[in-house]
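The annotation domain 'Amidase' is assigned in TrEMBL to 76-529. For LYS132, SER207, the entry in TrEMBL reads active site, charge relay system. Taken from TrEMBL, the feature substrate binding site applies to LEU181, SER207, ILE228, GLY229, GLY230, SER231. As annotated by TrEMBL, active site, acyl-ester intermediate applies to SER231.
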Amino acid sequence: MTSALTIEEFRKIRDDSIPRDSILTDGLLPHPSLLDVTHIPCQCALLSASEITITEQYTACQLVNLLAQGHLTAEEVTRAYLKRAGIAHQLTNCVSEFLTEEALARAKYLDEEFRKHGRPVGPLHGLPISVKDYITMKGHRTSAGYVTWLNRIAQHDALVLKILSDAGAIFYVRTTQPQTLMHLECSSPIHGTTVNPFNRNLTSGGSSGGEGSLGGLKATPMGIGTDIGGSIRSPAANNAMYGLRPTTLRITKQGIMGIQSGRESILGVVGPLARHRDDIHLFMKTILDTQPWLTDPSLVPIPWRSIALTSHRLTVAVMWDDLVVHPHPPVTRALRETIQHLKNSAIRIVDWQPIDHLTSWHLISALYYCNGAEEERSLLAAANEQLLPLTDWIFNQPNVKKRTWIDMNELISARETYRNQYARTWNEREASFDCTIDCLLTPVGPSAAPLHGTAKWWGYTSVWNLLDYPAAVFPVTTVDLVKDQVELDYQPRNALDRENYNLYTSPEVYANAPIGLQVVGRRFDDEKVMRCVEMIERAMGKE
């Protein structure tokens with residue numbers, strides 16, 4: 001029986017479990033003033049040449065091929081990623097739990113099975129996968145971002161873990177998440193603050209923030225996150241990763257224990273974060289090939305499909321600004337440079353005017369908390385857990401209030417009216433442009449990775465949750481200290497816009513921060529979204 005722990009005891013156990021061969025001694029642990037720590041794993045002399053090759057040179061797809069051919073063993077790959085994850089955690093505070101013994105035992109079992117039968121056990125044979133702490137794992141604590149649930153032990157694995165395990169995956173670390181899960185950052189009284197490895201003054205993103213920092217330091221080949229307002233896409237963009245927010249009801253959430261369970265006003269999703277776009281396909285295809293809808297009847301029975309598109313017939317609609325919070329100069333430049341590449345490749349570009357995105361925020365923030373955040377506040381109070389500023393901010397959005405059943409029905413009707421309006425306008429614009437709009441290209445947020453405590457505007461990601469449109473993030477560039485100067489003549493349009501504008505005092509504040517962009521498609525066009533990402537990247541010269 002697992003004993004009850006205090007936060008201090010929990011953190012001590014976690015920190016004591018950091019793999020011994022990854023410990024950065026006083027001479028290796030960088031001073032807090034060193035902001036960019038992405039070079040430390042390779043330069044600290046703790047990783048061997050083969051471990052650097054395994055963790056840096058191979059995508060997840062390449063790793064599973066090498067493992068299936070017997071060129072690598074599951075144990076050596078797992079040890080390499082455990083060691084690199086230990087280094088990454090000391091630099092960014094990104095791991096909630098190291099699963100060293102379980103992972104190595106699993107790796108040895110898989111290697112023995114391979115020796116016996118001469119073939120992999122499944123399409124992910126021997127692949128280490130990191131898991132957001134929120135994803136329920138049998139025998140492990142599952143707090144869902146609340147101190148009062150710190151000692152809640154899961155009795156079963158979430159179905160998504162069972163599917164991936166049956167495919168041969170190895171779960172080796174669980175990763176940090178913020179208080180209540182409802183931040184685009186990653187701070188909590190349980191885990192502390194997870195920082196961005198490219199600039200530790202900035203956030204890793206959230207709520208799958210631990211996955212972001214781990215991936216930014218190349219300490220995971222593939223991670224599992226969740227997204228109800230941007231929680232996969234924000235960490236992916238902030239850490240130069242790929243991430244997919246699938247359409248709801250494609251990837252199972254069965255068995256996940258959280259406060260949102262059973263609520264259908266806005267559905268969260270499970271999805272992948274990875275370091276290469278092909279690895280997103282690997283995650284999705286592996287799961288959907290098992291026909292999970294036969295086990296979880298809430299899912300739609302749609303397999304992962306192959307999509308044919310050609311660049312000379314591709315039309316991309318660009319949303320430069322949501323007309324609520326204006327993007328900082330690096331984000332606008334990323335869009336501008338990407339669009340030039342697309343035009344050079346004969347991809348048609350049209351402008352996309354946002355459709356009342358402020359209303360979308362008022363709707364979705366209300367739909368998050370149809371009880372006025374009453375249950376959430378009660379859970380925090382049960383452990384005398386103080387609200388962090390960003391928790392207080394989201395709880396106190398103007399439309400968050402306790403609603404009657406009739407009020408709730410009216411809010412759901414307003415959600416459907418907004419969805420219908422967006423679909424109708426998309427159709428009208430296609431008719432006006434005399435073409436199919438294959439995807440939208442948009443910012444992921446109004447800035448590069450935000451300064452800690454400042455990630456308040458979710459609108460660039462949450463609108464697609466409200467509409468239930470699939471959205472993928474891909475890396476584009478980094479903040480440029482010369483090109484990305486302050487827009488001195490810009491006049492903010494509202495208080496949120498002014499607050500965001502005032503944060504960008506100079507590009508040096510965001511030095512080295514990655515910039516990603518977001519590709520959005522219609523509902524259930526997840527495969528088409530990923531195909532559009534591929535075509536956009538090919539136009540940019542990325543193979």
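Indices start at 1 and increase along the chain as displayed.
Keep in mind that glycine also has a Cβ here, set from the backbone N, Cα and C atoms.
Curation plays no part in TrEMBL annotations; they are all automatic predictions.
Local packing around the Cβ, expressed as the count of other Cβ atoms within 10 angstroms, is greatest for LEU181 among the binding-site residues LEU181, ILE228.
Surrounding the centroid of the Cβ atoms of LEU181, SER207, ILE228, GLY229, GLY230, SER231, where the record places substrate, the chain contributes additional residues within 8 Å, namely MET182, HIS183, LEU184, GLY206, SER208, THR226, ASP227, ILE232, SER234, GLY268. Each of the binding-site residues GLY229, GLY230 was scored by other CB atoms within 10 A of its CB, and the lowest score goes to GLY229.
Put simply, LYS132 (active site, charge relay system) is 11 Å from SER231 (substrate binding site) when counted between their Cα atoms. Remark: LYS132 (active site, charge relay system) has ARG174, THR175, GLN177, SER207, SER208, GLY210, GLU211, GLY223, ILE224, GLY225, THR226 as non-local neighbours, by Cβ distance under 8 Å and separation of at least 6 in sequence.
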